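> Feature list, courtesy of Swiss-Prot:
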- 9-29: transmembrane segment (TRANSMEM)
- 35-55: transmembrane segment (TRANSMEM)
- 62-82: transmembrane segment (TRANSMEM)
- 98-118: transmembrane segment (TRANSMEM)
- 132-151: transmembrane segment (TRANSMEM)
- 155-172: transmembrane segment (TRANSMEM)
- 203-223: transmembrane segment (TRANSMEM)
- 225-245: transmembrane segment (TRANSMEM)
- 251-271: transmembrane segment (TRANSMEM)
- 286-306: transmembrane segment (TRANSMEM)
Amino acid sequence: MNVVNTLQIIVANMLIYSTPLIFTSIGGVFSERGGIVNVGLEGIMTIGAFSSVVFNLTTAGMFGSMTPWLSILFGALIGALFSSLHAVATVNLRADHIVSGTVLNLMAPALGVFLLQVFYQQGQININEQIGYWNVPLLSNIPVIGKIFFTQTSLPGFLAIVVAILAWYVLFKTRFGLRLRSVGENPQAADTLGINVYAYRWAGVLLSGVLGGVGGAIYAQAISGNFSVSTIAGQGFISLAAMIFGKWNPIGAMLSSLLFGLFTSLAVVGGQIPGIKEIPSSFLQMAPYVFTIIVLALFLGKAIAPKADGVNYIKSK
């Protein structure tokens, strides 16, 4: 295997495995920039994956090759609805953010497996219509670069990069983003200026639900091709680490997700790559999770979160 083919395998798989992380970590950015800690990203991804797979199986005969894409939209919708539980608990009822997010993480896989038994009488379901690999028109014909970056790659991956750029623009260059960040930094001052703190915090959590649902749906539609209790398997927690490593910035979260995606891709395709295939597969499979622990240990104390992140707001009378 030559260098170009090796790089093509690594880059293509890195983009595929980082895509769910990019969407979900950006969702976490919106939630926490608004002041709501969302450790429930794992649960949101799980419910997004479950709902997208059910939609895929139900409508595949109707929509054909468009089914996976519509399934992603359905996963986004269900992710938003599921995240509203977190919004009610933290924004309206002023519950502890960590406890509320943990409830989502515990509820989602249990609910998914229960409904699988109810609907299909089994603990795992597979889909027939998946998102396949894609050659970028024109760009894939560029010598060397086209082979590495634009051949047999992931269309959702490129969409995720576009979403990251748009999210950065919304967060830092629009009135909505300025107000969302203000309620995450100093909600009292924002309220004094007439900004509805509760509404913007709700918006941040719902955006995290939409993007987390998309992340889970893409994982099911493009990577696993199924849903079971172990489908997501820590991807939400890795997304949370990517958000922290990226310093609550959409671009930083995207770059961090690409790095985590690289480690995950090496765990999957390492057996095909000279110099890596000699490493025991068990070490490669644990690498993404070990790297997550290292990142959190090194950067959690140093990364500066929004000042009011995790602080419940009580409107003054």
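Each residue, glycine too, has its Cβ placed from N, Cα and C.
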> Would you kindly list the residues that approach the transmembrane segment (62-82) from elsewhere in its chain, counting only those six or more residues past its ends and only Cβ-Cβ distances under 8 Å?
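Same-chain residues near the transmembrane segment (62-82) but 6 or more away: 43-45, 47-49, 51-53, 55-56, 104, 108, 127, 129-131, 156, 206, 209-214, 216-218, 220-222.
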> For the transmembrane segment (9-29), find every same-chain residue at least 6 residues outside the stretch whose CB is under 8 Å from a CB in it, and list them.
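Here the qualifying positions are 38, 41, 44-45, 133, 148-149, 151-154, 156-158, 160-161, 163-164, 167, 171, 207-212, 214-216, 218-219, 222-223, 235-236, 238-240, 242-243, 246, 248-250, 253-254, 256-258, 260-262, 264-266, 268-269, 272-273.
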> Looking only at residues six or more beyond either end of the transmembrane segment (286-306), which have a C-beta under 8 A from one in the stretch?
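32-33, 35, 181, 184-185, 234, 237-238, 241, 244-245, 247-248, 256, 260, 263-264, 266-267.
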> What parts of the chain pack near the transmembrane segment (98-118), using Cβ distances under 8 Å and only residues at least 6 beyond its ends?
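37-44, 46-47, 49-50, 54, 82-83, 85-86, 89-90, 124-125, 227-229, 232, 236, 310.
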